[in-house]
Amino acid sequence: MTIERTFSIVKPDAVKRNLIGAIYQRIEAAGLQIVAAKMLHLTKEQAQGFYAEHEGKPFYDGLVEFMTSGPVTVQVLEGENAITRYRELMGKTNPEEAACGTLRADFAESMRFNSVHGSDSPASAEREIAYFFAGDEICPRTL
Ligand code: IDP
């Protein structure tokens, strides 16, 4: 059993439509624990740095504009194989290709306005968690 942490964002399109609770409910129902959470309105510099790997791609400027268009919530999720399981819960980037019952199939508006982010590898998860959270902001359950 591999207990992992992954990083998640409820993006501005979903926060605007009051979907934070619905998305948190799906995360918890899937057996993942939210061990850190906060609301932020990203600056342009924060969004550019977070998505630096996409710099130069045709969708990069639009993505940064979208991610700074309103508040987001950022979360650390913990659980068995959390990285893969949360990617499966989100569904594919393009909601038209996302499997039925996934967050993006049910909530996303388009390829850009696709409601949620989730880390795609252990290295990304580590970088993304550290980008937004200090160690003492993460609160794993005590048994
Ligand atoms: P992911 O969020 O599923 O990991 P990435 O390829 O890392 O997908 O892209 C990051 C984000 O950039 C996507 O979630 C989406 O919001 C946006 N994006 C990706 N590809 C496109 C595109 O072709 N058009 C518009 N936005 C895009």
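Backbone N, Cα and C atoms are what each Cβ position is placed from, and that goes for glycine too.
Feature annotation from TrEMBL assigns active site, pros-phosphohistidine intermediate to His117. Per TrEMBL, ATP binding site is recorded for Lys11, Phe59, Arg87, Thr93, Arg104, Asn114. The feature domain 'Nucleoside diphosphate kinase-like' is assigned by TrEMBL to 3-140.
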Notebook entry, point to check: Which residue, of the recorded positions Lys11, Arg87, Arg104, His117, has its CB surrounded by the fewest other CB atoms within 10 A?
Noted result: Arg87
Note to self: Can you tell me how many other Cβ atoms are located within 10 Å of the Cβ belonging to Asn114 (ATP binding site)?
What the structure shows: 23
Item checked: Count of other CB atoms lying within 10 Å of the CB belonging to Thr93 (ATP binding site) -> 12
Notebook entry, point to check: Of Lys11, Arg87, Arg104, listed as binding-site residues, which ones have a Cβ less than 6 Å away from ligand 1?
Noted result: none
Margin query: So if I draw a 10 Å sphere around the Cβ of Phe59 (ATP binding site), how many other Cβ atoms end up inside it?
Written below: 12
Margin query: Could you give me three numbers for the domain 'Nucleoside diphosphate kinase-like' (3-140), the DSSP helix, strand and coil residue counts?
Written below: 61 helix, 28 strand, 49 coil
Notebook entry, point to check: Rounded to a whole number, what is the top Cα to Cα distance in Å among the residues the record ties to ATP, namely Lys11, Phe59, Arg87, Thr93, Arg104, Asn114?
Noted result: 21
Margin query: If I take the alpha carbons of Arg87 (ATP binding site) and His117 (active site, pros-phosphohistidine intermediate), what is the distance between them in whole Å?
Written below: 9
